[in-house]
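Written below as structure tokens is the structure these notes are about.
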């Protein structure tokens, strides 16, 4: 046997030598010179003969039938080993190959990475195409650079590669990796440059099928040069991935902030309701406390009657039991004292009763707050998972409008049977919230396995398999409450092995049910057993009242009923997918006579394959019980509020209120004393019933109206002072009472203890029922100036940090024995000391909460970098911080350390990321040395002003939410050139001034502040990078109508507003609503201030204005000149409300009427609509009655703009003056309407003071009867460049002095003769008319208008008049001699004074020259023609010059 093996080995070595060109006979001599051997495709079944090659460095064995690695012990120099495409099942036999650098074991049957610990020089390791399930055994391979694990069964990465920091190339293609979180583990490989997860040669990893796969990898691994065999070294690719990731982070940060805001709003509603509920008990407590203190004063005075002062040694309240007993022994007026004591006892009982009610309300409030937080607490983690998975995990909160919501709702109701829950007092179920979860990762697994079942079955059975899909409730372990973390793990990762229920009989499977009772009753039973000793039934219901259901999609597959005696496991049911148990066989089933058949259908299933149970819906529900749940919004509590005031007899507290009245009316009934407003010497002595100040040791000023304690400095012996129920806001006046031991300042309005000092002997202090807020400041004052204090009461004050107040006070005031009436135990004092010790920044706290990481980890998270870094890598308390170590600290997270101030950070010069959230900080001090800060978080403190950070020029993120901020220092943000996120939510900020230069700002969260004025938005208009703005909860939302559109219009770059993405339709609506709108905000923005009262002129031309909305109008009362030329106004809009406007210029607009026109009537035809717009068209004209109606309606409208005198409406396209409603401008003096489309002068009858009317360049042909029907004050009328042919209807213009008729179509001289009715006319133009071709018009007009001083731009003098008379007389004479006329000639002197008939000349021929200008009906002699021709030529030259000089009139200013 041995000989055959040796013979076989010899043949193998011969084959080895043959394949590598070596001589078998000489191998003993030549073997030492061989460094490389190769064996391909059979002939080498075992590794043998390598001892012959001691210097071998490379060995390649491919496609051999080798089953194990052996025989390599002699190969001490081996550096490269290939054993590929063999049958190797285990990595072994390599321990001696310590110089190995490259190892190729691909295409084998290896299932585990092992025995590589000693190969520390290994650089390349290929284990692809094996059956490896886990990455392990690589910890010692520090030099590994190339690792190929493709084509295996690996589903997780974990931290197994953390030690391989030199790794440059990694191939994990063809595995079962399905989670993005697994890929983030690769971020700890700093040298990784080539990563392959989706190599085309292998099957696809499930993770590669997810959305945003490439983006996720490239963002987390920015140093990659090649990814999935592609070159990704281009800078643009990395920038795109970074930009996408940044947008995702911003988006989810916005959504999380929106959720937090909604939670805060809900909690504020609860708090408001609590305050309303507490109002009645508080009023009762105050009333009884007042009466009680009044009686105590009476009792003290009664005991001290006959004495000059009361016993100052009695510092305890007289209502203490010991005092009451001692008082009973007093013999002086025993009956009165007994009555007082009896009434005091009754009052104490009532105070206790109402205090108990206050405590009950507080308890219910805390229960509801806890429930609200629990309900909201699931949403934020879901959003974080959604961010981490880059949207592959998505959830949606349902509403009644969603079909899937209604489906789930009906499913729950259909599977609830009241019979099953009757024993627990449950009558129904109320669904509060349904969350739909879409986990793409789990869904792919589910669909993949489901598809395999379908493929393995015949087509005929596929439909039956689909019917095996069910929606079932997951059955949680009843003995373990549903923790948020556990539920989130199921939703994100599915039902893993660790999630299987370990129930009796070792039932190992995912348990689901189609019955609510099967899912829930075990939990209810367990909770009842656990708390069976509780006495209150309502409390028992509260244990299980709220619950969570997880609805899953389940593929039951082949399902059989469970056998009674066999445990439910896959081994007992090998051929099935699930096992079910009907309800009647369940051990905990409560069976009995039932009125329904629900139990027949109720089953519990056990599903073996976890991937076939897909979580889809999370349902939050509440059981409806016979005992109603205590709620701040219950009917009972509302009755407390309303009915107690309106109808005490019906109120639920009616008996208590009656009892209160009876107690108040008990004897003795103390008469009210007159209230003191001020204090003087006489009053003090009178109250103390003594004449010597030094004798006064007790002074009771209870129940007055005092706000100051003057003249108390003389009371040097005062030991006891009661100033309760007064009007004090501070206690400055008691600082000099050095002997004071007892001070009662309750029920006042004290807001600060500043000035409260020097009371070293004070032992009892009552500050309850005041307005103290700043716990840190007030505790400091008490600590410094009340060193002997024993009892302190600070209840019922609006403290800023009430949760830690008690520990803070006890820890600082070490002499205290009682706080708020409760004894301070040693344990509580010790806990308080530890608490105070932790409120200071020490070296130990720096070590525990800091990190030295140089770069922020690339993690998709919205949490502050300081929080992330200190969780990833802390320094640890065991280290010692030297001076150099301080400089290494880059991140510091001191959240929730109850700090009162920031100290000891002077050496942290390189600090980049810091967080001090949820502390007691009141100032931003102690950060002066941290000028390299990039992120600073100060949420949840008591800071009132942003200061001291102007030098932090590298700051990129600043968050100061939930503080008391009212503003910031000037120029705080001017130098922050990298600031892109600013969050100032839930503060008291009133202005955004100071943010104008924050040009890099991308996100601004400033919800729930006090911003009220629209102008504040203009401070953000220059921030072109701002894409997310949250202004929710500010006053501007209610002050500004259409607030959302207002902000969108003014900040067009925004992508999201108030947590809601901006839709394109909203942008369009904003432009329609606010585009071209002149508002006070726009004016304030341009002026830089909003003091509009100083404005006298408003000049806003060429700004696309469509409407004017200047509010408040009273602010613009001094504006007298308005110029809005070249805009898009269609009416006067808001200008009509400006009270003192005198000059209004609206040229080049689209004015249709003074007031906005109503929409056209729908019943009008298209032709009628055309006539409304262009009356000259003649289409659709409705007759005179319509015009008359317009005139009547215009005349009946009330006048407006009483101060307006000058109006410019040129070039507006006006065609109808009646629709313009100019009659309402009764005081108008100058009206300019040039360049329009006016065809009729009408609708101006009421303008009785109008002096100048300009209608040049219009379409006027003639004047109708109503044009100038009434006598007018018009002095100048401009009608140039129209279409006038007639000049009638001007007789009412009795005061007209200037008339401009140039460039019309007047061709009949008889029309000019009609002007002689205007005897006042001084200036006239008619050039450019056809009549001007006949030179007779000038002489005729000069002759007929005796007052004319200017004609066609030329002055008219006496010579012109003489020439006119001469030429006209000569013309008349020649006419009489040449032409027979039908009328007798007139006396030449009467030409121009008396209207004469027109000249008629017939049958006269002009051969040439001038005659053609006069028309065919006039013929002149050659002499007359020669004279008139020369004159006409001169006149043409003159008129051309005048026309060039003549332009349309400008507005008088």
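Yeah, the Cβs are placed from backbone N, Cα and C, and that goes for glycine too.
Swiss-Prot annotations:
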- 120-141: repeat 'LRR 3' (REPEAT)
- 224-248: repeat 'LRR 6' (REPEAT)
- 264-287: repeat 'LRR 7' (REPEAT)
- 302-321: region 'Disordered' (REGION)
- 344-367: repeat 'LRR 8' (REPEAT)
- 671-693: repeat 'LRR 9' (REPEAT)
- 716-737: repeat 'LRR 11' (REPEAT)
- 739-758: repeat 'LRR 12' (REPEAT)
- 931-952: repeat 'LRR 17' (REPEAT)
- 976-1001: repeat 'LRR 19' (REPEAT)
- 1116-1138: repeat 'LRR 22' (REPEAT)
- 1272-1292: repeat 'LRR 27' (REPEAT)
- 1365-1388: repeat 'LRR 30' (REPEAT)
In the same chain, residues at least 6 away from the ends of the repeat 'LRR 27' (1272-1292) whose Cβ sits under 8 Å of its Cβ atoms read 1234, 1248-1265, 1298-1308, 1311-1312, 1314-1315, 1317-1318, 1325, 1328, 1448-1449
Per the Cβ under 8 Å criterion, with at least 6 residues separating them from its ends, the repeat 'LRR 17' (931-952) contacts 774, 776, 800-801, 864-866, 909-925, 958-969, 971-972, 974-976, 978
Other same-chain positions with a Cβ less than 8 Å from the repeat 'LRR 6' (224-248) and lying at least 6 residues past its termini are 192-200, 208, 212, 214-215, 217-218, 387, 390-391, 860
For the repeat 'LRR 7' (264-287), the candidate among 120-141, 344-367, 671-693, 976-1001, 1116-1138 having the most Cβ pairs under 8 Å is 344-367
Restricted to the repeat 'LRR 30' (1365-1388), the mean pLDDT of the model is 63
The correct DSSP tally for the repeat 'LRR 22' (1116-1138) reads 6 helix, 3 strand, 14 coil
The correct DSSP tally for the repeat 'LRR 9' (671-693) reads 9 helix, 0 strand, 14 coil
In DSSP terms, the repeat 'LRR 19' (976-1001) comprises 0 helix, 3 strand, 23 coil
